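Taken from TrEMBL as is:
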- His242: active site, proton acceptor (ACT_SITE)
- Gly14, Ala15, Thr16, Gly17, Asp18, Leu19, Ala20, Lys21, Arg48, Asp87, Val88, Lys150: NADP(+) binding site (BINDING)
- His180, Lys184, Glu218, Asp237, Lys342, Lys347: substrate binding site (BINDING)
- 11-189: domain 'Glucose-6-phosphate dehydrogenase NAD-binding' (DOMAIN)
- 192-489: domain 'Glucose-6-phosphate dehydrogenase C-terminal' (DOMAIN)
Amino acid sequence: MNNVNPKSLIVIFGATGDLAKRKLFPSIYRLYQKGKLSEEFAVVGVARRPLSNDEFRRYVSQSVEDSTKQELSDPSFVSRFYYHSLDVTSAASYQELKTLLERLEETYRIPGNRIFYLAMAPEFFGTITSHLKSEGLTATNGWKRLVIEKPFGHDVKSAQQLNKEIRQSFSEKEIFRIDHYLGKEMVQNIEVIRFANAIFEPLWNNRFIANIQITSSETLGVEDRGRYYDHSGALRDMVQNHMLQMVALLAMEPPIKLTTDDIRNEKVKVLRALRPITHDEVDQYFVRGQYGRGFIRGQEVVGYREENSVDPQSNTETFVAGKLMIDNFRWAGVPFYIRTGKRMTEKSTKIVVQFKDVPMNLYYRTSEHVHPNLLVIHIQPDEGITLHLNAKKSGESMKTTPIKLDYCNNCIDGINTPEAYEKLLYDCMRGDATNFTHWDEVAASWSFVDPISEVWANTKAADFPNYEAGSMGPKKADELLQKDGFHWWPLNGTM
Ligand code: BG6
């Protein structure tokens, strides 16, 4: 692995799309500013619409300025951006692109290292990768890598088909499947918190942990993505990837070493140990929701069925809560509760590890109850950890009071956490696939999710919409924990 200033040519398909504009160009700019790109790099934007290089460069500048809220200080940055208008099905169009890549590699002395980043609709993934091979763009003297955005299929069968197609042109080691949660600072911190602290790992099992709760809530609705989202839903959009990846990181065994393969092997084992949910059991373990009208920060917002490009009778879920059981020695009997949804009370991703109660409460006479110990991992927007303990209430006999030990990662002056895409792009340039999803993980997570989506697709949710925009989801999501004697820990202030 090359650790410094990797020399590569980045080819972005879907260069006029939302992801490129909001995430990719600003991330490349930050890497450039931090000196993490070689002086000799170039980016080729590829999309259907015709644009000149100058027009494209203005587009890139604008995207960087929108993101940094500053004028571009170094105009030479955009001079390395080139544009190619591509018809994805035309061999001749790929030939022209090939000529452009060869010319730029010569100009910028890039030794044939090519990143093909597919930031576009998945239906073209197969067509593009097969043309990249047939037209000779993958036959390069350096390395070639394919970066691919989700959704990777919409069930295990379609994912297998897609994988088969792209594997004709790229080997598994050359495929970097993005799950941007794996680029988040505090998601990456889960392993360090667990494996670098003597106080947690001995307790990290079913003897001491009562349950684990993962919540990823959003205030946004579907915005302008109704067409995609109405065929996807929260289960495919968030659970199959981001939520299950966090479960895997929390539940995996310590890897032998911190190598890509060792970590992945442990994550895959967790995904394979998830107790499969049969069609009959879906209602027992999973809850779906869809938002109706409501208020977000005082502003009235429409219900999901009234959103643009959404079927007014839509049966698509915008909220999912679930109880996952991991059938292995470490986790037998410990529920992992997950929930995620759009148009909820606040934008927040948090993990709460609830430890079992002390074996005997000595303080029951003096205080109502001793609070359970909690370890809270704040993923976003705050980044940090909080440990909830009990201590003596000052002054008053032997009463207990809950206290918190807090560490805030993004409060430290001068530390500006890099954006997930910035880290992932850099990892890809250096050939580090640790924070990307391996095919085995994709396959295992679709296998878990498929029976749930099958049942939901075939049964109309009679109670939709069943939560108000601006709330924490349907009541049934609370009942899921109440049945087990637990409740969701609140996400705000007190945590
Ligand atoms: C994406 C989903 O993968 O993750 C979106 O497609 C969702 O629907 C987004 O809004 C959430 O990401 P983040 O980083 O804002 O939590």
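Glycine residues also receive a Cβ, built from the backbone N, Cα and C atoms like all the rest.
Site extent for NADP(+): among the recorded binding residues Gly14, Ala15, Thr16, Gly17, Asp18, Leu19, Ala20, Lys21, Arg48, Asp87, Val88, Lys150, the largest C-alpha separation is 22 Å. Farthest C-alpha pair in the substrate-binding residues His180, Lys184, Glu218, Asp237, Lys342, Lys347: 20 Å apart. Taking the Cβ of Lys342 (substrate binding site) as reference, residues of its chain lying under 8 Å away and at least six apart in sequence are, in sequence order, Glu218, Leu220, Gly221, Val222, Ala234, Tyr291, Tyr304, Thr318, Phe319. Taking a Cβ distance under 6 Å to any atom of ligand 1 as the criterion, the binding-site residues Gly14, Thr16, Asp18, Val88, Lys184, Asp237 reduce to Asp237. In terms of C-alpha distance, the listed recorded positions Lys184, Asp237, His242, Lys347 place Asp237 closest to Val88 (NADP(+) binding site).
Taking only the Cα positions, the spacing between His180 (substrate binding site) and Asp18 (NADP(+) binding site) is 15 angstrom. The most crowded of the binding-site residues listed here (Asp18, Glu218, Asp237) is Asp237, judged by how many other CB atoms sit within 10 Å of its own CB. For Lys347 (substrate binding site), the number of other Cβ atoms no farther than 10 Å from its own Cβ, over all displayed protein chains, is 13. Summarising model confidence by region, the domain 'Glucose-6-phosphate dehydrogenase C-terminal' (192-489) averages a pLDDT of 94.
Working note on the binding-site residues Ala20, Val88: by count of other C-beta atoms within 10 Å of each C-beta, Ala20 ranks first. For Gly14 (NADP(+) binding site), other Cβ atoms within 10 Å of its Cβ number 22. With Thr16 (NADP(+) binding site) as the anchor, the candidate recorded positions are Lys184, Asp237, His242, Lys347, and the one with the nearest CA is Asp237.
For the pair Asp18 (NADP(+) binding site) and Asp237 (substrate binding site), the Cα-Cα distance reads 17 Å. When the Cα atoms are compared, Arg48 (NADP(+) binding site) and Asp237 (substrate binding site) turn out to be 26 Å apart. A separation of roughly 20 Å, to the nearest angstrom, links the Cα atoms of Gly14 (NADP(+) binding site) and Asp237 (substrate binding site).
Ala20 (NADP(+) binding site) sits 18 Å from Lys184 (substrate binding site), taking the Cα positions as reference.
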